[in-house]
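Data first, discussion second: the structure below is written as structure tokens.
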Amino acid sequence: MGSGKSSVGKLLSEKINYKYGDTDEIIENLEDMSIKKIFRIHGEDFFRDLETGLLLSIKDSLKKTVLSTGGGMPIFERNRELLKNMGHVVYLQASKSTIVERLSGDTTRPLLKGEKLEEKVEKLLSTRLKYYEEAADITINTDNKSIDDIAEEIIEKLGY
Ligand SMILES: Nc1ncnc2c1ncn2[C@@H]1O[C@H](COP(=O)(O)OP(=O)(O)OP(=O)(O)O)[C@@H](O)[C@H]1O
Ligand SMILES: O=C(O)C1=C[C@@H](O)[C@@H](O)[C@H](O)C1
Ligand SMILES: [Mg+2]
């Protein structure tokens with residue numbers, strides 16, 4: 001969360017002339033509700049089912065597209081499997097302090113709401129790291145790098 005998937009993904013798609021999609025944004029449009037409201041009204045499990053349902057519905061038709069996922073997408077094996085079959089998976093890695101810096105003051109991420117942002121980020125990172133690594137074809141550290149530099153690094157590493 002906050003590693004830059006949406007920001008970098010959008011710029012990358014422009015640079016390589018691919019279409020762009022963001023699973024959080026698509027879900028918000030389909031449900032006509034913000035992620036925050038989906039979590040509040042229907043709960044996290046409902047949102048996770050929407051994420052998997054979305055991957056299943058687009059997996060066979062996605063061509064030349066950069067798809068930014070939600071930060072929790074790879075924590076489920078079913079989603080990792082789907083993502084791996086859809087294309088290259090890039091893990092944008094960021095340290096706790098970078099994430100805290102980028103997301104302090106943000107009110108749109110329900111899993112980080114309230115106090116003790118650092119502790120919440122720490123816990124998410126430590127429990128999720130293995131899934132992110134498992135899902136990834138390549139990993140790029142984003143600390144102290146510009147969005148443009150990160151997009152260029154992906155292009156270089158994946159040879160687009
Ligand atoms: N490399 C970067 N340098 C500085 N700021 C950044 C960088 N990448 C992202 N940001 C900023 O951090 C915030 C979070 O970025 P973004 O929304 O792209 O993250 P995300 O990975 O898509 O998060 P989520 O998992 O919640 O969808 C934004 O305000 C964005 O401008
Ligand atoms: O890391 C997560 O679990 C999340 C990240 C966001 O992209 C959203 O998908 C939502 O806020 C949950
Ligand atoms: Mg995003």
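Yeah, the Cβs are placed from backbone N, Cα and C, and that goes for glycine too.
These figures come from a predicted structure and were not determined experimentally.
Arg109 is the residue from Arg80, Arg109 that TrEMBL records in the ATP site together with Gly2, Ser3, Gly4, Lys5, Ser6, Ser7. Binding site for substrate per TrEMBL: Asp24, Arg48, Arg128, plus Gly71 from the candidate set Gly71, Gly114. Less than 6 Å separates the Cβ from ligand 1 in the case of Lys5, drawn from the binding-site residues Lys5, Arg48, Arg128 in sequence order. Those residues of the chain, other than Gly2, Ser3, Gly4, Lys5, Ser6, Ser7, Arg109, with a C-beta within 8 angstroms of the mean position of the ATP site C-beta atoms are Met1, Val8, Ser68, Gly71, Leu92, Arg102. For ligand 3, there are no nearby binding-site residues; that is, of Gly2, Gly4, Arg128, none has a C-beta under 6 Å from one of its atoms.
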